[in-house]
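Student: Pulled these features from Swiss-Prot for this protein:
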type: MOD_RES; residues: ASN3; note: deamidated asparagine
type: DOMAIN; residues: 13-48; note: domain 'EF-hand 1'
type: DOMAIN; residues: 50-85; note: domain 'EF-hand 2'
type: BINDING; residues: ASP99, ASP101, ASN103, CYS105, GLU110; note: Ca(2+) 2 binding site
type: DOMAIN; residues: 129-164; note: domain 'EF-hand 4'
type: BINDING; residues: ASP142, ASN144, ASP146, GLU148, GLU153; note: Ca(2+) 3 binding site
Amino acid sequence: MGNMDGKAVEELSATECHQWYKKFMTECPSGQLTLYEFKQFFGLKNLSPSANKYVEQMFETFDFNKDGYIDFMEYVAALSLVLKGKVDQKLRWYFKLYDVDGNGCIDRGELLNIIKAIRAINRCNEAMTAEEFTNMVFDKIDINGDGELSLEEFMEGVQKDEVLLDILTRSLDLTHIVKLIQNDGKNPHAPEEAEEAAQ
């Protein structure tokens, strides 16, 4: 991960770091979070297949050294990126998250599946359907019309479009995860709400 570790940690307050470390070590005494523990950590249970695939993809993007675990530094770097990262850093991460097959481009199917999964987990109440949102993204930023978004098209297109940037940012809002950490793992949502979100 290189410089990302130090930079991420420096941007956090001592209190935040302490809360995150306490939560991490309480839930994961080994210091290495597996995919299963990752799901438990954030209260992600009974997920639909598409939501489960999204969580796996998120885990893989947070596992910076690709060893199959998220250690504390990866955890801090990931949360810092998502919560405090600059727009271009977040957009690069979103792109990596959406590019499920890792081919360097996002196609309509990848974006649609991820948006559906995110909405299932976050219970987003957007007026636009996932299909309408996907079509809007491609209509606005697929410059060459090839049905795929390159990193450049994605970065430039989203940064130029405030509406698109706002919707993407809200869809990946992880404040519920921060509340979970601050509440020492006590989920602020009732269990029946979590089950509803999984369907």
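Note: Cβ is positioned from N, Cα and C throughout, glycine not excepted.
How buried are the listed features, and what sits near them?
Tutor: Summarised by DSSP class, the composition of the domain 'EF-hand 2' (50-85) is 26 helix, 2 strand, 8 coil.
For CYS105 (Ca(2+) 2 binding site), the same-chain residues lying six or more positions away in sequence with a CB closer than 8 A to its CB are ASP99, GLU148, LEU149, SER150. When secondary structure is read from DSSP and collapsed to three states, CYS105 (Ca(2+) 2 binding site) falls in the strand class.
Tertiary proximity for the domain 'EF-hand 4' (129-164) is limited to same-chain residues at least six positions away from its ends with a CB under 8 Å from its CB atoms, namely 87-88, 91-92, 94-95, 104-108, 111-112, 115-116, 119.
The Cβ neighbour count for ASP146 (Ca(2+) 3 binding site), using a 10 Å radius and every protein chain shown, is 11. The DSSP secondary structure for ASP146 (Ca(2+) 3 binding site) is coil.
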Student: Taking the binding-site residues one at a time (ASP99, ASP142, GLU148), which has its Cβ surrounded by the most other Cβ atoms within 10 Å?
Tutor: ASP99
Student: Applying the rule Cβ within 8 Å of the centroid of the Cβ atoms of ASP99, ASP101, ASN103, CYS105, GLU110, what extra residues of the same chain belong around the Ca(2+) 2 site?
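Tutor: Along the chain, the qualifying residues are TYR98, VAL100, GLY102, GLY104, ILE106, ASP107, GLU148.
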Student: Reported as an integer number of Å, what is the Cα distance between ASP101 (Ca(2+) 2 binding site) and ASP146 (Ca(2+) 3 binding site)?
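Tutor: Pair distance, Cα basis, whole Å: 17 Å.
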